[in-house]
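Engineer: For reference, Swiss-Prot lists these features for the protein:
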ACT_SITE  K168  active site, proton acceptor
ACT_SITE  H287  active site, proton acceptor
BINDING   N116, T166, K170, R288, H320, S372  substrate binding site
BINDING   K194, D196, E197  Mg(2+) binding site
MOD_RES   K194  N6-carboxylysine
SITE      K327  site 'Transition state stabilizer'
Amino acid sequence: MAAKTYNAGVKEYRQTYWTPEYTPKDTDLLACFKVTPQPGVAREEVAAAVAAESSTGTWTTVWTDLLTDLDYYKGRAYRIEDVPGDDTCFYAFVAYPIDLFEEGSIVNVLTSLVGNVFGFKALRALRLEDVRFPIAYVMTCGGPPHGIQVERDIMNKYGRPLLGCTIKPKLGLSAKNYGRAVYECLRGGLDFTKDDENVNSQPFMRWKQRFDFVQEATEKAQRETGERKGHYLNVTAPTPEEMYKRAEYAKEIGAPIIMHDYLTGGFCANTGLANWCRDNGMLLHIHRAMHAVLDRNPHHGIHFRVLTKCLRLSGGDHLHSGTVVGKLEGDRDATLGWIDIMRDDFIKEDRSRGIMFDQDFGSMPGVMPVASGGIHVWHMPALVTIFGDDSVLQFGGGTLGHPWGNAAGAAANRVALEACVEARNKGVAVEKEGKSILTEAATHSPELKIAMETWKEIKFEFDTVDKLDVAHK
């Protein structure tokens, strides 16, 4: 073995971290970055800089490099690709040895991949487009507390998507009035109701009073309908200790499901709560508040497909996924891609959906995607087609905005859903024939008829900001 020597000074990153001859190992963690360099900076140099600054490198050589096997531990920029339709940036593919990351710690992975490197001056912008977690690393993560099949067994609901509703107005209701709205929605035919992401424990409605009134409403609706019901009680709190206190109380009063804002709450808190839910038989609903700050800019940040993978590994039984057809951002093909990431055991590379790597989740349970945001009964045929059975279709204003009240809004959604599922099971092209399916169903449901009349002109026809790269469409 050749003796190591130390040569002080600064050398180009590409001398150490640009390795186009490298063949990634099955155990490597692979990352695809969309890199927008400063003018005049060579692609190979800036790709190598990303690999260096997200792994072992710093701005100068250091003598302590001699005390380790730097060639083993370093990140390696091994491939560069053009971004179709955009000559201001390029894709840089980086391989990291698995030993760089603490087992089961999404916190540690993100600290490296999206840490200081995102402030590097040689970059105008940087976006983490996708990550391939090796199966050896996946197996160190807890994943969803229960998964889709266990949830169906707990809730005793099969053969269709689940129906939910976010209680509105999201802020300002007293606990008793909040519970009343929950009861009316569940009695009307929904499976779940939900706290909104910013409902925690404010002066107008403290968490414990909300939990009590909501659970009373849930149990009353269960008795009257003979169906299992639930409400996502948001336990997101200022401290982990307070979060667990709220979770314990939810369990004590008999709630089947709690909720966490995983990005604002953080991955450390989320992984801990997922572990607690697994141990205590509680389902865990995950809201993605703050995601658009990270993922909406097509040149800088973290793509939602990465945040989806991280959540599946960290733990959650539900995750908000966008709707494609509602009021929130969401390219159809990209959304189908991260729905697959949530639910499937193995996801093949598919550039048409923005998926840059194969991803193997082994036997890890799937996460149920939640379609929520500006949807109503006219969207039901498209939602059933896009999301399939293993999903939650969540209508907030599309339930509570019904002219006849909350229970009627819930009934309209339930009738619309069951009509679409029945038609699909008969082989009808539901999305194509949606209008006729709903019109026929409305002949025996005045609630649905009024809902269709109320929202027939409501559309959210804005262009998607974060589109898939054009040549992959």
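Keep in mind that glycine also has a Cβ here, set from the backbone N, Cα and C atoms.
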Engineer: For H287 (active site, proton acceptor), which of these recorded positions sit within 10 Å, Cα to Cα: N116, T166, K168, K170?
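Structural biologist: Final answer: none.
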Engineer: Quick check for you: of the binding-site residues N116, T166, R288, S372, which have their Cα within 10 Å of the Cα of K194 (Mg(2+) binding site)?
Structural biologist: T166
Engineer: What is the interatomic distance between the Cα atoms of T166 (substrate binding site) and D196 (Mg(2+) binding site), given in whole Å?
Structural biologist: 6
Engineer: Taking 10 A as the limit, how many CB atoms besides its own sit near the CB of S372 (substrate binding site)?
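Structural biologist: Other Cβ atoms within 10 Å of S372 (substrate binding site): 26.
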Engineer: Return the residue, from the listed recorded positions K168, H287, H320, with the maximum count of other C-beta atoms within 10 angstroms of its C-beta.
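Structural biologist: Of K168, H287, H320, the one with the most crowded Cβ is H287.
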Engineer: Take the C-alpha atoms of K168 (active site, proton acceptor) and E197 (Mg(2+) binding site) and report the distance between them in angstrom, rounded.
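Structural biologist: Cα of K168 (active site, proton acceptor) to Cα of E197 (Mg(2+) binding site) measures 12 Å after rounding.
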Engineer: Return the count of C-beta atoms lying within 10 angstroms of the C-beta of E197 (Mg(2+) binding site), excluding that atom itself.
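Structural biologist: I get 20 for this one.
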Engineer: Excluding near sequence neighbours, so keeping only residues 6 or more apart in the same chain, what lies with its CB under 8 A of N116 (substrate binding site)?
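Structural biologist: Result: E53.
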Engineer: Have a look at the binding-site residues (K170, K194, R288) and report the one with the fewest Cβ neighbours inside 10 Å.
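Structural biologist: Result for the binding-site residues K170, K194, R288: minimum number of other Cβ atoms within 10 Å at K170.
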Engineer: List the Cα distance (Å, whole number) between K170 (substrate binding site) and D196 (Mg(2+) binding site).
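Structural biologist: Here the two Cα atoms lie 6 Å apart.
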Engineer: Within 8 Å of the centroid of the Cβ atoms of K194, D196, E197, which other residues of that chain place their own Cβ, given that this set defines the recorded Mg(2+) site?
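Structural biologist: My list of surrounding residues reads T166, I167, K170, D195, N198, V199, Y232, N234, M259, H287.
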